[in-house]
Amino acid sequence: MAVLGAPGVLCDNGATAERPTLDHHWDLWKKTRMRRNTDQNEEDVRRLIWEKNLKFIMLHNLEHSMGMHSYSVGMNHMGDMTPEEVIGYMGSLRIPRPWNRSGTLKSSSNQTLPDSVDWREKGCVTNVKYQGSCGSCWAFSAEGALEGQLKLKTGKLVSLSAQNLVDCSTEEKYGNKGCGGGFMTEAFQYIIDTSIDSEASYPYKAMDEKCLYDPKNRAATCSRYIELPFGDEEALKEAVATKGPVSVGIDDASHSSFFLYQSGVYDDPSCTENMNHGVLVVGYGTLDGKDYWLVKNSWGLHFGDQGYIRMARNNKNHCGIASYCSYPEI
């Protein structure tokens with residue numbers, strides 16, 4: 001398997017040349033990920049991107065083995081995509097301007113919070129979803145937060161319809177653009193006004209379609225949403241510990257280190273606070289002495305650690321994870 005670790009060869013023009021020794025691994029990856037490139041030019045482009053990502057993985061993990069990184073990366077179903085393509089297909093967070101607040105969390109400074117929380121252990125988190133090539137991250141983040149509240153309120157864990165939000169919260173009053181992007185609080189406002197169907201009655205299609213909301217299939221509603229103080233990780237910790245899963249926006253969906261993340265605590269110094277992706281914080285803790293947020297993504301089980309990523313906590317609001325946080329109340 002030494003061949004797999006060989007980095008790509010750089011041509012004079014800076015492009016990465018295909019390595020024939022990787023032919024078998026490329027074919028194996030395509031078969032595993034069910035990739036079929038009918039156009040030879042497309043095949044060649046994808047192969048070069050894949051080799052570039054493979055080289056990044058090998059170099060990063062070599063540095064990780066020397067203690068230079070707190071996380072490892074690995075090849076996954078996005079291995080033949082560029083960072084720009086990943087954010088174009090799967091990001092699309094649209095922060096409202098101005099950012100309106102329907103309520104804010106009042107911190108209890110004297111409250112003792114647990115050292116770690118994982119709402120999955122309490123049955124408040126549904127299975128990991130796959131948004132596909134639709135910028136609906138915001139919808140999955142919002143529905144995930146409400147699913148947790150619904151479980152805490154009724155004792156029932158129900159998958160809610162992200163497609164309902166994609167199709168129906170696009171009116172001017174909400175400002176969401178379906179697969180073109182949106183924001184979690186606007187989704188909450190739609191649910192306050194209308195309610196939301198279940199995933200079973202309104203399944204996900206990964207594309208913009210006509211609104212088919214049916215009140216007969218209503219699975220949940222909420223009375224208001226709460227927004228946390230901007231950039232306050234302590235407030236986020238308190239909300240996650242005492243209220244449930246929290247919707248957040250992050251930057252880094254467009255970084256190779258993020259979409260190829262595999263394990264450990266993600267901490268990339270190049271991460272900014274330029275929001276481009278909506279996710280769900282379902283817990284927090286400490287791993288090997290490094291504090292983290294436990295984050296549920298909507299990129300399927302092949303992303304990260306079975307669909308989850310641990311992101312650095314108490315690290316100057318790393319990736320802006322505490323900048324735009326909210327959760328609904330039933």
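Placed from the backbone N, Cα and C atoms, the Cβ positions cover glycine too.
Quantities reported herein were computed from a predicted structural model and do not represent experimental measurements.
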*Looking at Swiss-Prot, which of Cys124, Cys134, Cys271 bridges to Cys179 via a disulfide?*
Cys134
*asked:* Pick from Cys271, Cys325: the cysteine that Swiss-Prot pairs with Cys319 in a disulfide bond.
replied: Cys271
_Spatial neighbours of His277 (active site) among the recorded positions Asn110, Cys124, Cys137, Cys179, Cys211, Cys271 [C-alpha, 10 Å]_ = Cys137
_Whole-number answer please: how many Å between the C-alpha atoms of Cys271 (disulfide bond) and Cys211 (disulfide bond)?_
36
*Non-local Cβ contacts of Cys134 (disulfide bond) (under 8 Å, 6 or more apart, same chain)?*
Tyr89, Met90, Val166, Gly178, Cys179, Ala206, Met207, Asp208
*Rounded inter-Cα distance in Å - Cys124 (disulfide bond), Asn297 (active site)*: 15
*asked:* Measuring Cα to Cα, how far is Cys319 (disulfide bond) from Asn297 (active site) in Å?
replied: 15
